[in-house]
């Protein structure tokens, strides 16, 4: 081992794009970043498709990105894994046990999930396959649609609703019950007023009522409300849940289903309806004691575990929006804290959308980081700056430019702090976003992640090095080489430090 310590700085949503048009990063005022890329070794990292365990051309996301960064290997992601396993869904023992209980209770099945082909939180085909299986098993099904508009174009819901309606039109035991924008049904930032609106529509049939789903979406469009923000509403004569019913969540990503599922499964008050017979696609969290259709596989010997096994101290810092990513996901889906691992969560601003406060909590994260650096205690510090991603998702390029300038100032403060210390600053991202802000083909803001590579930069290294291009799973092995810690065989990534010369 050496005396080096490493700060892994994850600029969430910061991609490389040679085209400066509609590129918030290229257009922002970034003197410190310009200095960094002019004087420190750098390379490009791939964040999508098979390089991160996803299908070809499937864009990456924060969950996949942090799993890849922390595990140091290509992990077959839930999307790909479930794509294979769902082919035998009618024989899935977990589904059969779930439906047997519904039959015994003479109940119906509620299916909820993000109706999207974005591939980040869900797959439309998964929902359709499960609907078919339940119909085959002669279970009455009602569907609660969560609309996207974030990992898909902002006004694209009618496309997916038409696909769903066409699929179920000949299924007499299947109907659409509610519609909600993901802003309400998939909040992860403890804004429970949003989650409650979605819950009330599902549990009690509360909300504006429409005869059919197309008119519900069109009515919101006419009011200037796009997919993500569509207010929870009710379709047809849907009256709500009964305690004898069952509930399936078809999202395969955990962070944005926990709040709504806790409301559905846990007693809140005397007027609250809960469904004990609830099942998810994967094990979402230890907080949720519900079974799953496709159990996860354990990931061992992650970067965090290796640092802990070396009896070294490590620190994770992020604001609320990305806290799970630098902890749970970075540790390979492990919620328990490793020995000598510390975690600090900085509250995200309480605003409707982050273009209203593009600085988010970046300055607070930086101030906290600098205090911790000065302790000279930690061998590894992992921080996540959410700005480029979360502000980029709003599609507001001017606000995103302000977010990028904020990050630039934070990087300048970090570099000044680590000067003449043993800290080496490793800068990268989990995926792109802010570097591509407009969809020219569809003539609308582009709010999703991108297929662009992300930067990989090593700052303050004591000797001159060159870096190779690679993938996200190569970051952990590179950090281990810097720390002079042996890479375990489970890590199949390679160090990006070029030793060919």
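Backbone N, Cα and C define each Cβ position, glycine as well.
When the candidates 188, 316 are compared with the substrate site entry in Swiss-Prot, which names 121, 150, 151, 182, 253, 254, 255, 256, 322, the shared residue is 188.
Site annotation for Mn(2+) 2 in Swiss-Prot covers 62, 430, 431, and the matching candidate from 12, 117, 367, 474 is 12. According to Swiss-Prot, the residue from 419, 449 that belongs to the Mn(2+) 1 site alongside 389, 393 is 449. Shown in sequence order, 12, 13, 62, 322, 431, 433, 434, 449 are the residues of the chain, 6+ apart in sequence, with a C-beta less than 8 angstroms from the C-beta of residue 389 (Mn(2+) 1 binding site). The Cβ centroid of 12, 62, 430, 431 marks the Mn(2+) 2 site; residues of that chain outside this set whose Cβ lies within 8 Å of it are 10, 13, 47, 60, 61, 65, 66, 325, 389, 429, 433, 449, given in sequence order. Cα spacing between residue 188 (substrate binding site) and residue 393 (Mn(2+) 1 binding site): 15 Å, rounded to the nearest whole number. A C-beta separation below 8 Å, combined with a sequence spacing of at least six in one chain, links residue 121 (substrate binding site) to 114, 151, 186, 251, 252, 253, 256. Other residues of the chain with a Cβ within 8 Å of the Cβ centroid of 389, 393, 449, the Mn(2+) 1 site, are 12, 13, 62, 150, 388, 390, 392, 431, 433, 434, 447, 448.
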